[in-house]
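Novice: Sharing a structure, written as structure tokens. Questions coming.
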Amino acid sequence: MRGYVRPGNSQPAWLFPFVVIIVLILSVLPLARLAMTGIVSLAHGGVGAVLSDPALWQATYYTLVTAILGTLISLAIGCAFAFLLTLTDISSKGALSFLFVLPMMIPPQVTALAWVQMSGPSSPLLKALHIAPPLGSPQPLYSVGGISLLYGVQHAPLVYLALRAGLMALPRDGVEAARLSGAGSLRVFRDIILPLSLPGIIAGAAISFVSCTGNFGIPAILGIPASIYTLPTLIFTKFSAFTSRTFGDVAVLSVLIAMIAAAGLAIQERALRGRDYRVLGLSGATAAFELGHWKFLLQPLLWVCIFFMLVAPFFALLAGALVPAYGVPLTFKTMSVSAFYEILFRQAVTRTAFVNSLSLAAGTALCLLLVTVLTAYALTRRKDLLGRIVSSLIEIPYSLPGIVMAVCFILVFAAPLPILHVTLYGTIWIILIAYLSSFFAVSLKPVVSAFHQLDPALEEAARLSGAGFFRRLADIIVPLIAPAAGASVILVFLIACNELTISALLWSAGTQTLGVAIYNLDDSGSSDLASALSVLVVLMVVFMMLLMELMAKRLPRGVVPWRN
Amino acid sequence: MAELILNHLAKDFGTGRAAVADFSLKVPHGGFLALLGPSGCGKTTVLRMIAGFEAPTDGSIHLGERLLADASRSLPPERRNMAMVFQSYALWPHMSVADNVGYPLKVRGISGEAYRQKVREALATVRLGDHAERRPADLSGGQRQRVALARCLVSSPDVVLLDEPLANLDRHLKQEMEETFREFHQRSGATMVYVTHDQSEAMALATDVAVMSEGRLLQAAPPAEIYARPEGRLVGGLIGRGAILSLSSPAGDIRPLDWSVLEQMFSCEASHGPKVDVLVRQEDVLIAGEGIPARVDSILYEGERYAVKLLLGDGQVLRAFNRERLRVGESVRVIARAAWRL
Amino acid sequence: MAELILNHLAKDFGTGRAAVADFSLKVPHGGFLALLGPSGCGKTTVLRMIAGFEAPTDGSIHLGERLLADASRSLPPERRNMAMVFQSYALWPHMSVADNVGYPLKVRGISGEAYRQKVREALATVRLGDHAERRPADLSGGQRQRVALARCLVSSPDVVLLDEPLANLDRHLKQEMEETFREFHQRSGATMVYVTHDQSEAMALATDVAVMSEGRLLQAAPPAEIYARPEGRLVGGLIGRGAILSLSSPAGDIRPLDWSVLEQMFSCEASHGPKVDVLVRQEDVLIAGEGIPARVDSILYEGERYAVKLLLGDGQVLRAFNRERLRVGESVRVIARAAWRL
Amino acid sequence: ANLVLYTSQPNEDAQATVDGFMAANPDVKVDWVRDGTPKIIAKLQAEIEAGNPVADVLLIADTVTLERLKEAGKLLAYKSPEAASYDASLYDADGYYYSTKLITTGIVYNTSATFKPTSWKDLTKAEAKGLVTMPSPLTSGAALIHAQTLVGVDGLGWDFYKDLAANGATAAGGNGAVLKSVASGEKAFGMIVDYMPIREKAKGAPVEFVFPIEGVSAVTEPVGILASSKNADAAKKFVDYVLSEKGQEGFLKLGYIPARNGMKLPEGFPARDSIKVLPINAAQALKTTDQDLKTFSGIYGSN
Ligand SMILES: Nc1ncnc2c1ncn2[C@@H]1O[C@H](COP(=O)(O)OP(=O)(O)OP(=O)(O)O)[C@@H](O)[C@H]1O
Ligand SMILES: Nc1ncnc2c1ncn2[C@@H]1O[C@H](COP(=O)(O)OP(=O)(O)OP(=O)(O)O)[C@@H](O)[C@H]1O
Ligand SMILES: [Mg+2]
Ligand SMILES: [Mg+2]
């Protein structure tokens, strides 16, 4: 009986097993290896000690609170931008959305420091306004609120990108029907647009939440001075005082983080369950709202956001690159471009780091796109427990701090692979695999939510045309979810470009990445060089985005997120 | 509520040809206008402009004294108190059937028992009482269309716009729904604009029929009038069934022609005098023992009767109905009881 | 290519009532089956099972010797070489009209001039030659439907499934498209299954008509047969127009009844003997000076004629056509040329 | 295979050290990996756990860490002939590790500060209220050693840290963060490792470094060979090199205080005998590390 399939199933028989194997390699293997090590190291007792440590529960509490608050803030900012820039007639949309994606390229530590300086006693902004607090007054950002705020700012572009794709699939006539029913713009927004874009919003919230639980940079800078420890910073301190129990402690902490992430995922599942978001009939015409005089309020507001999220930190970076040392005031006399000169023409490491990071980021984004489309396809057509387990397994690596994932991968790959007898450790490939594992969730989210909105008839028509699985994937499904796929690629690319901890632990001579290079420069006191390199990275990303802009005409509609 | 006035309305999507051009029409208060025309002629576009989804590129729309839209400004759809059945239904996939139908009420602040009562009634009228909790995705095509219908009629709109609202319903339901429209129209006094391809629907329901083609209004008149006295080849060809013949002009300028005149015209030599277009309705052609000779070109079974395509001696086509099956190629003689000079 | 066999087919969506139940039917090789039935009766579901989008919960589908699907396995749609016009069109919004139409060819590896030629032809048949580069979103409803049609007919499928393919077209286009179907059917010899609500369409095109209701097959027969000899009230009511009367049983069990028999039946006292259902077609009722008395209950203008609803003395309804307008309430006498005992 | 060095020295310093070594030993090639101490240790431990440690030689922050590795049996004992020129307190008696330089932790202040601190206690003065910052022992190895050292000094102890906390001092990130906030004027005073402010001052930053009168703590960037090394011979050469006069001069040039006796001091430092280095017992410190960290976060958890 060749060629027959189980009834009611549009996926080839191999697809789900294939997804399971991918997840086994990328998630289960490294996590299980850490769990094993953890169990061994705790074999002589000590679980009790870890679990009864009040610091642990304190950290869990702070992780939860900051992650939830941070998610809410990033949802607020990201949704506002997504809705305004996708659905309304606000002007300079292109520029705004172009700029809104960029903050992801500024390392969180830089943003955090820039904000600390902006809001602290030496803030040029506050000084100019004569409201600078006196020297020595407590820094308001060193608090749960500060951490959450920065989480929000850092992750808002994630929400924006995840949501935008869904908004583009909103059927115009559904909105029109609601308006004709007498619903004003706000009402239509609440009753029709919001519920219909729920898959996108929830996807964005989930990415943001999971990012928050795994973030190290922001709580390290803003939390530690106020003794606010989150689970990632706590894990870091465990590593800094290494004992025989450390792996056990880290495993326990990781399980906690994983549980928080899985709980988030469960909430997400619940919120989406039993609903139907398939856009019936023809999509292709997108909804549009006229803002009227609200424009005059909202437009400047968006620019203010951009200022705080992008311009201010970027100028902090730029200023740092132009002065020879910290604390030297930036004047025409002190200003020098020698840092740029040094980075561009003297440091050999710069070029390798650029090449490594770009190829790693591009490789990760593209590999993940492929895997993601297949996985999302398999998962949205499968509603059973196994499917849910697989999706949580995909989620966990991204929710863990980079240092944990890096350790997992060292544990798995430091020894030569069995049978093949090759050692991946120390090559660029292990970083690639670790990236694939870590960013799988980021890449998956927008694509899954796009699949939720797809009218199945469109695929059915292709099947009846005789298109086999890969054929219709390439011709119909991928172009239909193009905005989501584009968002996914860009998200992963930007995050991977900037990645630090994983590559820091997995790198070796010749495979250092931009994140590592910047960190090392900064760590060794050459903050001017570090800033210069950061500025160059941002400029490079801008340049590449402009290149995409040029290519945009040949790409399916909606792929490039700053074009309408 | 007042007269709906379309004033030199035009819409150009920038595709090189205007979708609607110079469209002027008045629908009296409480009127029921049927809009007919070939596919792609701009009917939906006219409705969308009335509803306020498209801004006219030229001209204006008034409801009584009130300006609804012109090229520079436009009242938003939610302030027009209209209702519409969309050609694509435009149901909200995240709401149940009952919620879809009840939404216009909810927006108007109706709730509680009054709300439930109205929704129940509306669903009962479209025979979907027991599908209230389903999702639109789980409905058949006709059921979706009925949900859209129920949603359109549930509130008390001033103007109701119907874009082929019965296209996917079977004959029985269609008749029932026509009855519902008639009742709704009488009860509410709303002005209705109805796009359809089914002429018997249009004729049965409308107080006025407007025929358009390629974005332009060709003729607007009450149904019996437009059927009996169509203006021009296009309207003649579009309304009703029949054949347009090119015959030599009869004496005088009388337009309704009877068999005596027609017989003369048929018998005239082809070269004689100027030609005029004459519309001969299919039901007026009788296959009888007498009259002019013709050959059966093709027949089509329609259940009730056969539609017969006849070829006249000079190669022109004539159409007739016949209760009996004729043989293709058979020679017959036909008379035309009546005809209309276009 | 071979016979399409539906064998005790059933589909239950778990909504409490089966969408299709115990549906058995054979469509001969090269046959043209019209599937009629009220909205929501399961027509689309049958098509979707034939195409392979839904798995039957019971029964099986064969194409000749080849099993297409049963409850446990199913040949995927892409290996069935069928084509379908979806009720919702299912056009791909990211492709131009030409790409939409050409996709089945592309998948089959046809390219170059042959490809362009075929696409051009298909678009020309549906009168969309000059819309080739548009996006589906920029088309009118009828134009979208025509794109779906062109896509369906462009390749050489073994089985063609048409789900109300002409619902949104005007009468002229509809006729042209019917012509196209007929031609395509003759040329390709494909087996066609055609869902429609328009009976004259069904009668004109089909070699067989199947009538279903609530998921079950009621009757399948050639058009003339099903029109002349419907089985049971449901089919009698669904096919054609007319009225079903409950009259006292005539002598014998002859089913076609003529006026002489009918007159007797009408004149019998209501209490006499057992009742039978008698279908009186609307076109068979003549309003004449003679016959049984009736009162005009309502009239409906249809252009060509008026549809008249008559009330008999005992309150039963009879329907007739009339060329002239009658007054509501007027008393008339009618005869019925023929009738059919159901 | 090449000799693999794991180090926590800054990039340029590591490169200079390796270059110097390779110039002296042209037959040995060195691959080096640098990162912060916690990360490099996490990496090393994970490799050990996986059964394939890659590193041969470690050159990292403090003796406490190497003491821990020694106790876990991960280090190779090697008696370097150069040890003779070193103070006995600067290397392990069994030869498991040798200190290579002294990185002291003292006080940095912004030149616009209201007074010049000379003693640790000055940081608890009212004029310094809310203006003091220090690296957190939880992120910086040197800061941990520093705390453990100061706690052992008579008259300072944990009470000193409590007074600091009461005076509004913060414990933030690493040494880099302290430098940034003092240099930018956000804070006026900080505890910091010596070379950072001295280098920045040379570049023009408005900071000044002082060696407090009570003395300074020091980390000594010890070098050690891993027991699992497959290049033990080359590793021994490396150890000999960094301890040799030539190797020590390299550190001197980079701006560090060499550990070897009789060496000069780098530019910008006061005379060697004016710097009082407070002693620390590595083995003892190791035992109390956990407790010390808890005590510390106990104090700074309440502000
Ligand atoms: N996915 C589904 N889930 C549950 N019920 C369904 C689903 N699809 C269809 N149905 C139900 O099955 C019945 C048959 O539906 P189907 O679409 O086959 O009707 P149809 O004969 O094509 O009607 P129409 O002429 O209105 O298109 C309907 O009552 C419909 O509500
Ligand atoms: N958004 C659009 N952009 C460009 N052209 C459009 C757009 N919408 C409609 N058109 C074109 O305008 C013309 C009129 O379209 P409209 O939808 O009004 O036709 P219609 O009379 O409703 O036809 P149908 O009976 O097929 O629904 C068509 O030729 C169509 O292709
Ligand atoms: Mg239309
Ligand atoms: Mg259907």
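The count begins at 1 with the first shown residue.
Backbone N, Cα and C atoms are what each Cβ position is placed from, and that goes for glycine too.
Checked TrEMBL, it gives:
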DOMAIN    A:60-268  domain 'ABC transmembrane type-1'
DOMAIN    A:354-548  domain 'ABC transmembrane type-1'
TRANSMEM  A:12-32  transmembrane segment
TRANSMEM  A:61-84  transmembrane segment
TRANSMEM  A:96-116  transmembrane segment
TRANSMEM  A:141-163  transmembrane segment
TRANSMEM  A:192-210  transmembrane segment
TRANSMEM  A:216-235  transmembrane segment
TRANSMEM  A:247-267  transmembrane segment
TRANSMEM  A:301-323  transmembrane segment
TRANSMEM  A:360-379  transmembrane segment
TRANSMEM  A:426-444  transmembrane segment
TRANSMEM  A:473-496  transmembrane segment
TRANSMEM  A:529-548  transmembrane segment
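Any idea what these are sitting next to in the structure?
Specialist: Beyond the transmembrane segment (A:12-32), the same-chain residues lying 6 or more positions past its ends with a Cβ under 8 Å from any Cβ of the stretch are 5-6, 254, 258, 371, 374-375, 377-379, 382, 390, 393-394, 396-397, 405, 408-409, 411-412, 433, 436-437, 440, 469.
Outside the transmembrane segment (A:216-235) by six or more residues, the chain places 55-56, 58-60, 62-63, 66, 107-109, 112-113, 116, 139, 141-144, 146-147, 150-151, 154, 250, 253-254, 256-257, 401-404, 500-501 with a CB less than 8 A from a CB of the stretch.
Same-chain residues lying 6 or more positions outside the transmembrane segment (A:247-267) and placing a CB less than 8 Å from one of its CB atoms are 31, 34-35, 37-42, 46-47, 50-51, 56, 59-60, 63-64, 67, 206, 209-210, 213-214, 231-232, 234-235, 238-239, 391-392, 395-396, 398-401, 404, 407.
Within the same chain, residues 101, 104-105, 158, 161-162, 164-166, 168-169, 207, 357, 360-362, 364-366, 368-369, 372-373, 377, 435, 439, 442-447, 449-451, 454, 458-459, 462, 467, 541, 555-561 sit at least 6 positions outside the transmembrane segment (A:473-496) and bring their C-beta atoms closer than 8 Å to a C-beta of that stretch.
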Novice: Cβ under 8 Å to the transmembrane segment (A:96-116), counting only same-chain residues 6 or more beyond its ends: which ones?
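Specialist: Residues packing against the transmembrane segment (A:96-116) from afar: 81, 85, 90, 139, 141, 146, 150, 153-154, 156-158, 160-161, 215, 217-218, 220-222, 302-303, 306, 308-310, 312-314, 316-317, 490-491, 494-495, 497-498, 500, 515, 518, 534, 537-538, 541-542, 545, 561-562.
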Novice: Near the transmembrane segment (A:529-548), which same-chain residues lie under 8 Å Cβ to Cβ, leaving out any that are not at least 6 residues past its ends?
Specialist: 98, 101-102, 105-107, 110, 314, 317-321, 339-340, 342-344, 347, 350, 354, 494, 497-498, 514, 517-519, 521-522, 555, 560, 562
